[in-house]
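Here TrEMBL flags 468-478 as compositional bias 'Acidic residues'. If you look up TrEMBL, you'll see 486-495 marked as compositional bias 'Polar residues'. The feature domain 'Major facilitator superfamily (MFS) profile' is assigned by TrEMBL to 23-448. The feature region 'Disordered' is assigned by TrEMBL to 451-542. Annotation comment: TrEMBL describes 21-40, 63-84, 91-110, 116-137, 181-202, 266-291, 303-325, 332-353, 359-378, 390-412, 424-448 as transmembrane segment.
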Amino acid sequence: MGRADPEEGQLPAPVKPPDGGWGWIVLFGCFVITGFSYAFPKAVSVYFKELMKDFHVGYSDTAWISSIMLAMLYGTGPVCSIMVNQFGCRPVMLIGGLLASSGMILASFTTNIIELYLTAGVLTGLGMALNFQPSLIMLGTYFDKRRPLANGLAAAGSPVFLSSLSPLGQVLLEKFGWRGGFLIMGGLLLNCCTCGAVMRPLDMGMKRKMEKTQDKYEAKEMLPIGGKSEEGISTTDGTKKAKKAKKKPKKGKKLLDFSIFSNRGFIIYTISKFILVLGLFVPPILLVNYAKDTGVPDTEAAFLLSIIGFIDIFARPACGMVAGLKWVRPHVAYLFSFAMLFNGLTDICSARASNYTGLVIFCVFFGISYGMVGALQFEVLMAIVGSQKFSSAIGLVLLIEAFAVLIGPPSAGRLVDALKNYEVIFYLAGSEVVLSAVFLAMATYCCLNREKKTPPPEKTPSAGGGSDTEEAESDVQEGEEHSSDNHQPARSTDNAVVAASEEANHVEDEQSGEGGRCPEGDREVLAQAGCNADQTVERDSF
C-alpha cells in the first residue's frame, strides 16, 4: 500500500520493536539475569566442602542445593507465565530479585541442611525463575530484526558469569567463610532488582496512534475521493473500536494460554527439546570425573570446563549474528537442528578419547556446539509462537524440560555406577541429542513446510488468528477488488445512457447476473464505487 504496516508480517510484539535505543539497556539486563540464572546454581558448588564439614553430610546431600535451584528455575515456568500475564514483567522481576537475594541472606543464618534446601534452594531458585523468564519476554518485545543477535548476546551471560562467579566464590570462602560468602552473594543478587527496574514496557499509546493513522490512511487510499471517503473512515474506526471492545475482556482473562498446543511448530519444538535435554547436560557433568579416571591430574581436569566456558562466550554471539542474516533467519529451525546434530556427534566422537589432548579437542568442539544450541533455543521458540504467546510458551516448555533435567543426568550417573564405563554414557547422550536434531529437522520439513505451501482460501475472513488491523485491511481490500472489477461496467453504463439505450441495458443485465440490481435509492451512490448487491451485504457485515 506504499507504507509499512506495523502489524503486517506478524511482528512478535504489540508495538513495533525499536531494535535499539533503550533495547540495549534491556539486553544488558537480560545478559545479567541469564548469567545469574544459569551460572549461580553451579557457582555455589565451591561452598559444598565447607557445608559438608559443618553439617556433617555427604556430597550428594549438598548437591541437592543446586538441583533444587535448577528444578525451581525450570519447574515454576507456568507459575511465572501466569504472574507475567497478570501483573507484567517489571513487577514480577522486582519481586523475583528480592526473593533471590533474601534466600541467600537467610541461608547464611541456617543451622542444618534442610533449612539450606528451603532458603538457598527453593527461595533463591524461585526468585531467579521470576527474573529469567520475564527478561526473555522483554527482550523479544524490544528486538525483531536484531533479535537473533540479541538472544546470542544475552545467552553469553551464562559462560561469562560462570567463569567469574566461581573464582569470586572461592575468594569469598577463603576470606569470610561460607556464611559470609552467602551473605555477599545475596547482596549481588539484588542487582536482579536493578535489571528488573530497567525493563520498561513499550508505550501502548504509540500503538494506538499508529493504528489510527493506519486505518485513516487505508480508508483514504482504498475508498473513492469525496464525501464517501470520510464515511468510510468513520465506519472503519467504529468497526475497529467495536472489535477491540469485544476482544479486550477475553485477553484479560487468559492467565496461561494453552491454545499454543494447537500450534504444530510448538509441539515439534517441545518434543525435540525434551529429547535434547535428556543428553545435553550429561557430558559436562561427567567430564571432570571422566578425565580423572583416564589419569589426568585434578587441576588439568578442572581446566577442561574453563575451556568449554571460554569457547562458549564467543560462540553464542557469533551464532546469533549468523542466525540474523537474511538468508539464514527464515530457516533458523534448521540451523538449530544442525547445532544439535553437531553437539551430538561431538559427544559420540569423543567417547573414545583416552588422553588429555583428545579431551581438549572435545572441549573446543563441544563449546562451539553447546554455545550454538544456547543461542538459538529461545530464538526458535520466539519465531514459532511470537512474543504475544511467548510468555505462556516458555513457561510450559521449561516445565516439560524440568522432567528431562531430573531424568537425564541422574540416570547417567546411575549407569556409570553400574557399568563403570563412561564410554557408553557418552554414546547414549550423543545419540539422544542426534535423535532430537533429526526429529526437529524432519518434522519441520514434512509438517510445517507442507502447511506453508498450501494456499490460503481466497476472500475468506480470518477466524480469530489475525490481528484487528489485518482483518480490517482484508475486508477493505475485498471492497477494492469488487470496485476494480465493476468499475469499467459502471462507466460503460453511464456512457451507454448517453450514446445508446441498448448498450446500457446490456450492462445492466451483466450487473444483475453477477450479484443482483442495486437498490433504486442507493444506485447513484453505489455506481460511483461500482458496487453491486453482494458488496452491500459485505459492507453491512464489515
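Glycine too: its Cβ is placed from the backbone N, Cα and C atoms.
No curator has checked TrEMBL annotations; they are predicted automatically.
Beyond the transmembrane segment (21-40), the same-chain residues lying 6 or more positions past its ends with a Cβ under 8 Å from any Cβ of the stretch are 69, 73, 93, 100, 124, 128-129, 131-132, 135-136, 138-139, 142-143, 150, 153-162, 165, 185, 189, 191-192, 194-196, 198-200. For the transmembrane segment (390-412), the partner stretch with the highest count of Cβ pairs under 8 angstroms, out of 63-84, 91-110, 116-137, 303-325, 359-378, is 63-84. Within the chain carrying the transmembrane segment (63-84), a Cβ under 8 angstroms from the stretch's Cβ atoms is held by residues 37, 40-42, 44-45, 48, 92, 116-117, 120-122, 124-126, 128-130, 132-134, 137, 255-256, 391-392, 394-399, 401-402, 405-406, all 6 or more beyond its ends. In this chain, the transmembrane segment (91-110) does not touch the transmembrane segment (359-378); fewer than three CB pairs sit within less than 8 A of each other, excluding pairs fewer than 6 residues apart.
Proximity of distant same-chain residues to the transmembrane segment (91-110), defined by a Cβ-Cβ separation under 8 Å and at least 6 residues beyond the stretch ends, is recorded for 33, 36, 80, 83-84, 116, 119-120, 122-131, 134-135, 179-180, 182-183, 185-187, 189-197, 199. Sequence-remote contacts of a segment are chain residues at least 6 beyond its ends whose Cβ falls under 8 Å from one of its Cβ atoms, and for the transmembrane segment (332-353) they are 148, 265, 272, 276, 279-280, 283, 294, 319, 322-323, 359, 361-362, 365-366, 368-370, 372-373, 376-377, 379-380, 383-384, 422-423, 426-427, 429-438, 440-441, 444, 448.
With a cut-off of 8 Å on Cβ pairs spaced 6 or more residues apart, the transmembrane segment (303-325) and the transmembrane segment (424-448) reach fewer than 3 such pairs and are scored as not touching.
Sequence-distant neighbours of the transmembrane segment (424-448) (same chain, 6+ residues past either end, Cβ-Cβ under 8 Å): 264-265, 268-269, 271-273, 275-276, 278-280, 282-283, 286, 333-334, 336-341, 343-348, 350-351, 408, 412, 415-416.
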